[in-house]
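Before any comments, here is the structure.
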Amino acid sequence: MTLFLALVLVVLVAAAAAYLARSRAAGLRASGGGRLNSLPGYHAAFAFLWAAVPALLFLAAWAPIQEQLVNGAVLASAAGRQLPDFDLARANILGEAYQLATGQIAAAISPDAARIAPVYREALGRYGLIGGGFALLLAIAGAAWALTRVRATFRARSGVEKWLMGLLVAASLIAILTTLGIVLSLLFESLRFFSMVPATDFLFGTQWSPQTALRADQAGSSGAFGSIPLFWGTVFIGAIIAMIVAIPLGLMSAIFLTQYAPARLRSVLKPMLEILAGVPTVVYGYFAALTVAPLVRDLGLGIGISSASSESALAAGLVMGIMIIPFVSSMADDSIAAVPQAMRDGSLAMGATRSETIRKVILPAALPGVVGGVLLAVSRAIGETMIVVMAAGLSANLTANPFNSVTTVTTQIVQLLTGDQEFDSPKTLAAFALGLVLFVVTLLLNLIALHVVRRYREAYE
Amino acid sequence: MSKPLIQAGPATRWSGDEMKRRVARRYAAERRFRALGLAAVLLSLAFLAFLLVTMIVRGAGGFSSTFLTASDATDPAMAGVWGALKGSMLTILVTMALAFPIGVLAAVYLEEFARRNRWNDLVEVSINNLAAVPSIIFGLLGLAVFLKVMNLPRSAPLVGGLTLALMTMPVIVIAGRNAIKAVPPSIRDAALGVGASKMQVVFHHVLPLALPGILTGTIIGMARALGETAPLLMIGMRAFIAAPPAGVTSPATVLPVQIFLWSDEVDRAFVEKTSAAIIVLLVFMLMMNGLAIYLRNKFERRW
């Protein structure tokens, strides 16, 4: 019995239980057994949940266990002991045997797979029968128990609502589990990386050349994992160049849209500006690489910078800045709107012009909110991947020349995890260490920004 | 005869030439500032227009019946977006099937049932943080958990959808909470008053009224997931796939990843294909965002 068949059977049992419960409850009502506490539909739902949920939970837990058991049984068999010890090759053969045993493919390429397929099929059948049978028993037991509870006085609705409450709590737990999953997987892989490469070398080294770690027999095969150049490149593109573009444009746009534009013009311009935020980053990346980068290089060559690269930091930063404009603009918009009208009126009544009011009164008052918004924008910019992967370079340079090529943390993560190399090499694990740094930095930026914004909101409320 | 309160004539500071010059200067500054603001908006929009025009000019020639029905190929003349489009649809389907129910249920729990205690604060903080975590981090999570620990197939829409669902869920939770918050308490009081249980209040009254707002947020989240590339690269969706995926577990590519792969091709003919694929992607994004705006305008209620 395959687990899929068990799944279908469980659902069928649950459906049958629901139908029985419903007709029983309806019968109680028809036979005048008193007023029902809960509608027949709730009795049906109660029976369905008790029949299906425990059995399905068991199946979900059983599936990975069965995989282990089957693999163990196959490897312990006479044919299985002859398989190569090498993990990758063995996994390939096992995968093929699995497909052969379940009928996904008609014939195997490797003779080993064909030989162990019958063993595989037998083990699969045996453990499937155990797991599937137990799940089915659970379903029938749950259904029977629920069916005995169908009475006029039984509060089926509260029972169903308890299940629903459990579902709600479970849904909210997913968020915590995701956060935990991120932290644990990044930490775990990073710790393994730091057991191969000292953390101080990683955090403070200035030499980045992980590609040399490709072959184990090479001299200096450990590669160089000093990530200072990556941090600098990330800051240079995301926090300096992009912000030089995004802050003035975003702030002035917000000022114009909130303070000057008539309502109708605003209702047209604001959604158009927001399209900028909706364009996928891969489109920006392509635009940066194909259109902006050559322009920037020509500009660099034109003003006499001979080292101007076609993968310049400027092109990537420029396009990233454009992407961030609507973000900065809407954050500035919010904080300008939060400045009390009385301050504005006071300034205007003193005879200040609108621009004077904006520059001398509104902006200083809105500054904490704007700063918070900029921090959020920086956090988004340094985590942005596709623009820099496509438009920024791969060479880890420590340079402040915007026409030169720099590389960023996200670019290197993508680069390190490209292709099918083994999972345990320092090269692959370095990507997780970089991810950890990125995660921590963006987290801190977000926390600081939220704190700043909240403090500032409280000041005017 | 008493003196007039304000003395007219050249003797006051308020009517001299110096004063006129000052006022003129301040008004000039005012106009300059205003023009600067308008220029900032127009410059931003000019970038957008430049981007769109570039893509249309480069990509318009790339459309053909082959392009819309074929999958990836080494020969640019034979390459098409159908395979990637189908991959995108399957991935988004998985994402939606997971993120929408979980997101809505979590939003309902946090807004209607959660007591303020440390545990629920933790849930809230982690949701708000997840919404700001860079997308590539979700890719690393998908690689470490779905591929390495759970041994799910590489490059499959199932894994892509799972990863994107984790990324989209916080967005839906936040939109859902705002929509639920906007439903006035009088609705709840009325339902409770006629004897509905708390669950019935939420699922029969609050949720239907909040649904348009939730859907708007969900569509925007889905549009973002549709355009996402980086996390999918992490879970191996960067292989050359020459056939449309048969199901959620077969190897697939998605539209943004296809654009990324084609942008790396040396063959100049792929420039046209890449731009054409970008137009297809943008049309889908525009349609989804348009739908969200339509829903918002049609169903949004001010209480």
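Just so you know, the numbers here start at 1 and follow the chain as drawn.
Quick reminder: no glycine exception, Cβ is built from N, Cα and C everywhere.
Automatic prediction, not curation, is the source of TrEMBL annotations.
The transmembrane segment annotation in TrEMBL falls on one of the ranges A:1-21, A:127-147, namely A:127-147. If you count C-beta pairs under 8 angstroms between the transmembrane segment (A:127-147) and each of A:41-62, A:167-188, A:272-293, A:361-382, the highest count goes to A:41-62. Proximity of distant same-chain residues to the transmembrane segment (A:41-62), defined by a Cβ-Cβ separation under 8 Å and at least 6 residues beyond the stretch ends, is recorded for 3, 6-7, 10-11, 13-15, 17-22, 24-25, 131-132, 134-136, 138-140, 142-143, 145-147, 149-150, 154, 156-157, 159-160, 163. Residues 432, 435-436, 439 of the same chain lie 6+ residues outside the transmembrane segment (A:167-188) yet bring a C-beta within less than 8 angstroms of a C-beta in it.
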